[in-house]
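Input: a single structure, listed below in structure tokens.
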């Protein structure tokens with residue numbers, strides 16, 4: 001017969017002593033170990049490519065967010081000219097996107113638990129694209145605001161679900177890099193928005209801003225196709241008691257069938273039960289609002305890093321970079337928009353650098369470098385605007401400081417914020433807790449963006465960025481005391497970092513009970 005499962009000579013009856021009921025794999029005795037190794041390497045390569053493609057497709061919504069942020073920084077100049085809006089209306093138009101997106105973020109957690117991570121990504125794209133179309137065709141400020149509100153809800157869905165989805169399909173060794181993809185795509189979108197501003201700036205004011213906003217609708221076709229390529233999150237499938245479907249997905253995204261089975265058992269343990277019944281009975285929001293000490297520490301870390309990402313002023317640097325450069329002494333719309341393109345290239349370049357370092361150096365070293373670099377850049381920008389305004393050296397220092405600020409942000413606080421918020425929470429709380437963190441981020445962003453012009457008139461642009469520098473100093477301390485290192489750990493291992501000795505002992509007992517149940521079954 002030539003099969004490893006049958007002995008030609010051994011115990012007399014020609015059959016090897018194999019325990020009944022075990023799942024036996026039959027291979028040819030003539031199989032070459034080198035060939036087996038090649039098969040394993042091919043499987044590993046295919047799994048890595050598949051996970052990479054899933055992360056890319058899941059991050060496409062972030063291009064829309066980034067494009068909107070980047071394009072609005074220039075489009076607002078021509079919207080103000082065409083629709084004759086006031087400074088207050090300008091602040092509201094820019095900042096309301098972040099405020100209203102909290103509705104999408106809050107609904108996103110519950111929605112993703114109900115319909116799945118994958119289809120929540122699709123829903124986010126549909127809502128955002130509808131809002132974008134309304135904005136591009138808006139005849140008045142009121143209609144423009146309606147489109148802006150719809151786009152904000154779509155962004156709220158998108159910013160919370162993409163990192164969660166990617167974290168749940170990624171292997172621990174590459175999760176940091178892959179989960180930072182949404183931030184990379186945001187930066188790429190911002191760069192495209194800046195380039196769009198510059199490319200269409202010479203058209204008539206009543207047309208150019210509409211084209212700038214309308215170009216952002218093009219990625220919708222790719223997102224629609226992506227939904228038929230990416231799988232559902234295996235962890236969500238387990239929670240829904242669709243274990244066999246989860247096993248199929250895990251086999252595609254892991255390097256071997258053995259690893260897929262091991263990962264499945266880990267997920268079953270993390271879910272709290274072999275079935276979804278226990279999860280379904282949990283009052284998730286009650287556990288978040290009345291947290292145990294470990295969950296409280298997770299919330300402080302996850303929500304805190306989200307808020308510091310925004311209250312250090314990164315969105316004002318992106319949205320109002322033309323205003324900053326005009327204050328430094330640059331005149332002319334084309335020159336202002338050209339300077340913002342340089343900022344966009346810097347932001348995109350350093351986010352690409354971050355992707356190669358995040359799983360090699362770890363989260364905390366990059367966060368230290370990021371927050372310290374931002375602090376130096378923000379204080380430098382404040383000093384250049386206060387004492388060297390309209391001088392050549394002052395203009396050069398202002399551009400260098402803005403580029404240094406976005407570079408420092410992109411190499412650490414930008415991508416790692418989303419990585420941490422998607423990986424530190426336990427499976428039963430992950431979607432809702434990540435949504436809560438995204439709400440904190442969006443509210444902080446909206447509050448800063450909607451008040452920047454008013455605060456700048458009160459204490460000057462230089463004074464405003466000095467305050468941002470002080471806040472960035474606080475961010476350094478927060479990273480030191482509240483953020484653990486999660487590099488190379490599985491999602492289930494990270495959960496243990498926030499537990500004390502008693503909690504750890506209880507977890508070990510529960511894991512042992514579940515493993516015994518699995519063995520019996």
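Here the Cβ of each residue, glycine as well, is placed from N, Cα and C on the backbone.
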The residue range that TrEMBL labels transmembrane segment, out of 13-34, 145-166, is 145-166
Per TrEMBL, the range holding transmembrane segment, considering 313-335, 336-358: 336-358
Matching 50-79, 260-289 to TrEMBL annotations, transmembrane segment lands on 50-79
Do at least three CB pairs under 8 A connect the transmembrane segment (336-358) and the transmembrane segment (145-166), leaving out pairs fewer than 6 apart in sequence? no
Find the member of 50-79, 336-358, 365-387, 393-421, 433-453 that has more C-beta pairs under 8 Å to the transmembrane segment (91-107) than any other listed stretch. 433-453
So, do the transmembrane segment (393-421) and the transmembrane segment (207-230) meet, by the test of 3 or more Cβ pairs under 8 Å (sequence gap 6 or more)? no
Would the transmembrane segment (365-387) count as touching the transmembrane segment (50-79), i.e. at least 3 C-beta pairs under 8 angstroms with sequence separation of 6+? no
Any chance you could find the range in 207-230, 336-358, 433-453 with the most Cβ pairs under 8 Å to the transmembrane segment (172-195)? 336-358
Are there residues at least six beyond either end of the transmembrane segment (336-358) with Cβ under 8 Å to its Cβ atoms? List them, or say none. 70, 73-74, 176-177, 180-181, 183-184, 187-188, 190-191, 193-195, 197-198, 201, 317-318, 321-322, 325-326, 330, 366, 399, 402-403, 406-412, 414-416, 419, 487
